[in-house]
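J.: From TrEMBL, for reference:
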type: REGION; residues: 1-100; note: region 'Disordered'
type: COMPBIAS; residues: 13-28; note: compositional bias 'Basic and acidic residues'
type: COMPBIAS; residues: 29-49; note: compositional bias 'Polar residues'
type: COMPBIAS; residues: 60-82; note: compositional bias 'Polar residues'
type: DOMAIN; residues: 230-342; note: domain '1,3-beta-glucan synthase component FKS1-like'
type: TRANSMEM; residues: 379-397; note: transmembrane segment
type: TRANSMEM; residues: 418-439; note: transmembrane segment
type: TRANSMEM; residues: 490-510; note: transmembrane segment
type: TRANSMEM; residues: 590-617; note: transmembrane segment
type: TRANSMEM; residues: 1226-1244; note: transmembrane segment
type: TRANSMEM; residues: 1275-1296; note: transmembrane segment
type: TRANSMEM; residues: 1366-1386; note: transmembrane segment
type: TRANSMEM; residues: 1392-1410; note: transmembrane segment
type: TRANSMEM; residues: 1482-1503; note: transmembrane segment
type: TRANSMEM; residues: 1523-1547; note: transmembrane segment
type: TRANSMEM; residues: 1559-1582; note: transmembrane segment
type: TRANSMEM; residues: 1715-1739; note: transmembrane segment
Amino acid sequence: MSQHPVYGVDPRGTFDQRYFDGDEKRDAFQSSSTRSTAALINPQDQEFQNFDDAPKRRNTSPPSAFRTQYTQSSASIAHSETSGPNYSSHGPGGSSGVVEPYPAWTTERQVPLSTEEIEDILYDLTMRFGFQRESMRNVFDFLMQLLDSRASRMTPNQALLTVHADYIGGQHANYRKWYFAAQLDLDDAVGKINNPGLQRSKSMKGAPQSAKLTAAIDRWRSAMNNMSPYDRLRQVALFLLCWGEAAQVRFVPECLCFIFKCADDYYRSPECQNRVEPVPEGLFLHTVVKPLYNYIRDQGYEVADGKFVRREKDHAQIIGYDDVNQLFWYPEGIARITLAGGTRLVDVPPAQRFMKFDKIEWNRAFIKTYYEKRSYRQLIVHFNRVWVLHIALFYFYTAYNSQMVYKKYNGDNPTPAMIWSATALGGAVATLIMLFATLSEFTLIPTTWNNTGHLTRRLLFLLVTLAITAGPTIWIVAIDAGRTTSSIPLIIGIVQFFLAALATALFGTMPSGRMFGDRVAGKARKYLASQTFTASYPALDRKPRIASFALWFLIFGCKFSESYFFLTLSFKNPIQVMVGMKVQRCSDKFFGAALCSHQASFTLALMYLMDLLLFFLDTFLWYVIWNTVFSIGRSFGLGLSIWTPWSEIFTRLPKRIYAKILATGDMEVKYKPKVLVSQIWNAIIISMYREHLLSIEHVQRLLYHQVQGPDGRRTLRAPPFFISQNDRAYRGKFFPPGSEAERRISFFAQSLTTAIPDPLPVDAMPTFTVLTPHYSEKILLSLREIIREEDQNTRVTLLEYLKQLHPVEWDNFVKDTKILSEEETAYGGQGFSDEKSVASKSDDLPFYCVGFKSSSPEYTLRTRIWASLRAQTLYRTVSGMMNYSKAIKLLYRVENPKLCNSLEGTQINWKRELERMARRKFKFVVSMQRYSKFNKQENENAEFLLRAYPDLQIAYLDEEPAAIKGGETRIFSALIDGHSEIMPDTGKRKPKFRIELPGNPILGDGKSDNQNHAIIFYRGEYLQLIDANQDNYLEECLKIRNVLGEFEHYNMSSQSPYAQWGHKEFSKAPVAIVGAREYIFSENIGILGDIAAGKEQTFGTLSARALAWVGGKLHYGHPDFINATFMNTRGGISKAQKGLHLNEDIFAGMTAFGRGGRIKHSEYYQCGKGRDLGFGTILNFQTKIGTGMGEQMLSREYYYLGSQLPIDRFLTFYYGHPGFHINNILVIKSVELFIVVLVFLGTLNKELTICKYNSHGDFIGGQQGCYNLVPVFDWIRRCIISIFLVFFIAFLPLFLQELTERGTGSALIRLSKHFLSLSPVFEVFSTQIYTNSILSNLSFGGARYIATGRGFATTRISFSILYSRFAGPSIYLGMRILIMLLYATMAIWIPHLIYFWISVLGLCIAPFLFNPHQFSLTDFIIDYREFLRWMSRGNSRSHANSWIGYCRLSRTQITGFKKKRLGHPSEKLSGDTPRASLGARLLAEIIIPIVGAIMFTIAYMFVKSFPDVLNNQGASPLIRLAVVSLGPLVWNAIVLIVMFCVSLFLGPMLNSCCVKFGAVMASIAHCLALLGMIGFFEFLWFLELWDASHAVLGLIAIIAIQRAVQKFLISFCITREFKHDETNQAWWTGKWYGRGLGAHAMSQPAREFLVKIVELTLWSGDMVLGHLLLLFMTPIVLIPFADRVHATMLFWLRPSKQIRAPLYSFKQKRQRRSIVFKYGLIYLLAMSFLVGLIVLPALGRDKIRLNCSICTKL
């Protein structure tokens, strides 16, 4: 270690506490070596003379987090608690006095209006409109901080001008845009007499509309320019007062504009000006906001028994926020607003409209403006160009290469004319797609307001186009068919082809919204609203636009070339051999040869469909490849690559810190850059030390040191880190290899190689707010949660697991704790009582085990904090984000060394000045929705946060009981911080602001409403949206000024935005959102954590980089920065309609994009982010994303983007967002379809004689009656390769991202770990989860917010729970495909099928494969016991975890629930589920299963249509299938009738004495059902004479038939479910009375009979399937050390570091041994029986002879 004094560290390791306060702890209660955490001691030379002396003694006082801090309350609005306490201190100028709360808005700066005048304006508006006083105080502070933020970097007058321009009158102000879109300029110009409302757009004749609009805009600009500062501020204040109380109306921005317009008109009227008496407080809320709130609430909720319950209405029946908002877009909509007497509001003079709001009948005004129907038609409408480009091109390719399909009249090969014409039908295909899309569009938009005229014109044009592109083919191919010898057919065919190509190009590239009525660029005034609010897409600069076109030219160029040569040409030969192939010598009893002879045709049709799916898939493959290439290329262009030389990155780092982080433009030369940089660098290193990432030894090597120079003066020596990076021997000396510190320092150094905006001085930087919504996320881990196992299935405590994950950090923490303990002992504390024990290693064990030895709160809290900072807790988020405050203080101090002297050299005044600046520039609001309802522990944790970080603000919902019984509870938005006074009577903090709301604000899925109620408490110009499981770092927070510079507001023009309208600075589209990178700090926590991190890494960084470049990035929530004014005047930072806006943040991105906001991405800044770590929680998250995407596909935003974006930007949007999910669907469907194709080809290969060829491809003679299928088998191999590539190309982006950012070795190691951990199996399974969630949502709905777990995945989940969770989404499908694959393998064996076996097995066993300790033998057998109990319980009394409960819950997606009967306990097990619509049931539950049953029946009939070896024709396979498939259902019905009679007559007598009577009856019935199912399978096995392939094919057909019958019964024969399970118990016990069935008591037995038939069949299937899954896993369980290897695979921990086996008491061990022995025998018998049923008959097939006359007829 260096012997030089460390710059900022004394030889004992203590740091100067100058930049970090004791109350802003990353780790509270450190030792003084950690507690004192600033940067630098004060050297005595001239270079450092501007820094004050270091503290002379070490701080040993109690930590400030235990102290309560108070502030003086102030009655004045101006001095109400704006940003914390007002300190009486010396201001920057050195004069003593109260610090100005808004320093940039003072009289010395010649402000246009003083603070007192602004206060008077707000007070006047409040008195005139009846706003709440609390809201007025909040808006005053909001407005003043906004003006202060703007005025800190421009003149106060310019600040007011630009704020007014942003809110009211500027070119990009939403209010101005709405004013002209809704044609209110005509309303104001013409007046009532000439303006009857509906006709206002036609009321001014003469000049063209564009000229009139230009003149109106000029008048507007002139009026704005001539407005006085008083009027400007009054307008902004009035808008903000309306916005501040609008609650849910904030989600409908144009409605808010209308309210403001009416209020502004009223204010300027004589009636308002002459009014003397003030309006009662709360009038605005109750007469304007509350009626609108009630209307919005009542759309989704109704009152039942005094409580609001969800209406059973889907989106298409709900008038949602967007429908309400769009009423105000059009003059025709505003004309619908009528008063109680029938008078239209537009017929009332503008100045009088506001006072009529209490008479408006909103119920009569609103209509649906877009039908979010749950239909696949939405996909046709939104993405018609995708379908045209693929299906039409596929037709062109395939028709040209399918010349065997169409022949001349005499059977010869087609003529050239026929080929041209038949190929040209691709244009007709494109036209048909457009026709279907147009007809579907008619069903999605209402026909009111004459808004379907363009659709009618388009429809007529498409019909004409269809005639042109299809008509000639009818004559050339069908009628003439080569008879005409002239060249006329050829000429017509060629012309037809080129017209078809032109039509396809037109329909594939031109937005449908721009056909026959351009809603995007049309000049007609009626399109202005649509253009303004849905199609104001910001233009791309020239280079990004060229890149956008180049990207899609390359993608489709490669795609069309590869698809033709690889897919289409390889399909040409199979077409040639299969077209016209007739199967000979086959016959069926009923159908003869009609079906079986065409088996090749059926197979070819499926092959065509398969080829089409592959045609879709390879587009996404090329998109992934080229998007990755572009992104990597972009990263090289930005300098973001590890391949940049180390010397580039680290040697130049100090210079880059000086040039890019510090605003040093105005600093004097005498402050050397080295001195300034050293303070920044040392602060970064010490912050890592305080977080226990570095040891004191590492810190010594990384800090700047003071050394004696040659001249005897003390100088600074840079750490060798900056110059020793090429020497690998040094690497481990600076920080632990592969550590978090290394990652952070490396990223910080790399990030500064990019071009980033220059920073402003701290006092000139804009104010910003971090907003975090919180519901029930963990705030701070309790000691119990850390040191105790979660439950009996958890093998390790959380602390033990964290110690394994972070061994170096734990070691640093323990050392620090021991130092603290020794210091307290030295100072007379309660540490060690015996000095010898300090030296004893055994005495240190408590430190290394739990982090403390003394149980005092200070020590236990340290351990809790250490663990909380490494888990996904709110404390981690808050402590990380509060680094912004530290960064601002650090930068302010470093950049203002002269200011130290002006503050009279006192440390206290300097510290207060730093705190004042940090509070002024940075706010942190946590929206704790449930704060007022927290339990004791949550309250203590929240209070700890407030005391540790007093500047933290908490917004919450406060309730006040109704004053009268039966009245409505009053709900308030309240705000507190750590300075808020604690009220003695309640012990709660007194809110700074408490604003009444019109009602419960949580009407949607929660998060967006939670953000919305707290949004009024943000301050400044920008917002950063952060989730409650994120983190931030000091070195990243230092870049905040650079990031905010991305909004391009630093160098705004000094011109008035009204004086020079076309000025470049004011005409360019504003930046609405700046995205940022995320580092997933859970990436090293095993394979599942790394998969989640990899997805975020590729999508959030690699993909976002390319998307932002070509204008396709949207908003994905965290950790994006938001232009708060832009977004909050356009509906807020998220959308909130329940269900529809489940992925609430992306809708805000689409809104910003459609309304003219640019969206950027910053590569140089990152936040930490946690991700789900367990198999179940990851898939919960994917389910939420999938169902949310299903809802997005129904939304109007997708309609606008899909039908209006230019082709390159549309493709970027599609493939960057919905295309990924649609590709997942196509991948799974391609696997399903390919296996079906294999089954059909297998039937041909198995039953027909296939021609053989030699190695040279020559036909071998002597093969009479053979069929040539060799080209088909070649095609199969190509298909498998295609599907394989589509799956595995998913790993390319992650590999390349890792390669460029961390190097080749890291990329190869990470990829190897993924493959060795069976990551591809997880990818297959997660693809199916995405697919199922989207398709299920599109059919049945049910999207809801799923609270995904954020804990560590160390808990073993039982087999039954995993089965119940994933059977429906994946296991059932996987098992059906597996049986088909088994047949295909028997019929066509090729090695390529091994890949499919792995993939399909993954669909079945992935949940168990990624379950911790799944293959522990003891737990495996105990799992089996629990599975049997799960299958059997719940029939005599309700049980939360039972098969019957799972079955009922699965069924309710189709049937829905009956209306709730309050108070029944078992109803808590069920949620609110409406009955699926008829259309959804018909397609998903009837048509598709019936088609599947028919297909497999045809396949089975084909293999049974050939005579046996004795040339005898067998019995009809249809009868056999009917008997074996329907037999179990009939058997179950007979059993149920018998059991019903028994229970009905014996139940009432035996129930009283035999409690288990119902359970016994149920057990007997279920056992008989299982025997019936097994018996009928064995019967099939026998009927097939032990022919395995025929039996398997028969089983496939039987499963398909049974599935179709079951789905039909559930969909159309079973009524809604009760929310309780009384009917199930009544059936088995025979006790139907007293069940609360009411009028249903007579009908329920009949319904339950049908239900039980289905249930017994399903139960039998699940029992068999569960045993099969356990059988699959049994070989692995029996392998020695399998559990250890499996744990290594999952957790990436060496065996020596792995989680220990759980400790059990002797009693528990005895019980477990007993269970294992007993159920092990049962398991062995069951598996032996299961295997024997299949194997034994096959082995004895030659000896078993049964004479059965009936069997021969089947």
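Numbers run from 1 along the shown chain.
Keep in mind that glycine also has a Cβ here, set from the backbone N, Cα and C atoms.
Predicted automatically and left uncurated, TrEMBL annotations should be read as such.
Bear in mind that the values here come from a model prediction, so they are computed numbers and not experimental data.
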J.: Do you know the mean pLDDT across the domain '1,3-beta-glucan synthase component FKS1-like' (230-342)?
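T.: When the pLDDT values over the domain '1,3-beta-glucan synthase component FKS1-like' (230-342) are averaged, the result is 92.
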J.: With pairs fewer than 6 apart in sequence excluded, do the transmembrane segment (1715-1739) and the transmembrane segment (590-617) have three or more C-beta pairs that lie under 8 Å?
T.: no
J.: Take the transmembrane segment (1366-1386) and find every residue of the same chain, 6 or more past its ends, with a Cβ under 8 Å from one of its Cβ atoms.
T.: 1179, 1183, 1231-1232, 1235-1236, 1238-1239, 1241-1242, 1246, 1325, 1328-1329, 1332-1333, 1393, 1396-1397, 1400-1404, 1406-1407, 1450, 1588-1589, 1592-1593, 1595-1596, 1599, 1662, 1665, 1668-1669
J.: Which residue counts does DSSP give the domain '1,3-beta-glucan synthase component FKS1-like' (230-342) for helix, strand and coil?
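T.: Summed by class, the stretch gives 70 helix, 10 strand, 33 coil.
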J.: List, by number or range, the same-chain residues at least 6 past the transmembrane segment (418-439) whose CB is under 8 A from its CB atoms?
T.: 380-381, 384, 387-388, 391-393, 395-396, 399-400, 403, 406, 408, 455, 458-459, 462-463, 465-466, 469-470, 472-473, 476-477, 481-482, 489-490, 492-494, 496-497, 499-504, 507-508, 512
J.: Hey, which bits of the same chain come close to the transmembrane segment (1275-1296), Cβ under 8 Å, at least six residues off its ends?
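T.: Distant Cβ neighbours of the transmembrane segment (1275-1296) are 566-567, 570-571, 573-574, 607, 610, 614, 617-618, 620-621, 624-625, 627-628, 631-632, 1094, 1097-1098, 1102-1103, 1227, 1230-1231, 1234, 1238, 1241, 1307, 1310-1311, 1314, 1319-1320, 1323-1324, 1327, 1388, 1390, 1392-1393, 1395-1396, 1399.
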J.: Residue list, the transmembrane segment (1482-1503) vs rest of chain: Cβ under 8 Å, 6 or more residues beyond ends.
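T.: For the transmembrane segment (1482-1503), the list is 376, 583, 586, 588, 591, 595-596, 599, 602, 1236, 1239-1240, 1243, 1246-1247, 1335, 1339-1340, 1454, 1476, 1517-1518, 1521, 1590, 1593-1594, 1596-1597, 1600-1601, 1603-1604, 1607-1608, 1610-1612.
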J.: Looking only at residues six or more beyond either end of the transmembrane segment (379-397), which have a C-beta under 8 A from one in the stretch?
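T.: Contacts of the transmembrane segment (379-397) (Cβ under 8 Å, skipping residues fewer than 6 from its ends): 423, 425-427, 429-430, 433-434, 436-437, 440-441, 444, 501, 504, 507-509, 511-512, 556, 560, 563-564, 568, 611-612, 615-616, 619, 1193, 1198-1199, 1201-1203, 1207, 1210-1211, 1214, 1218-1219, 1222.
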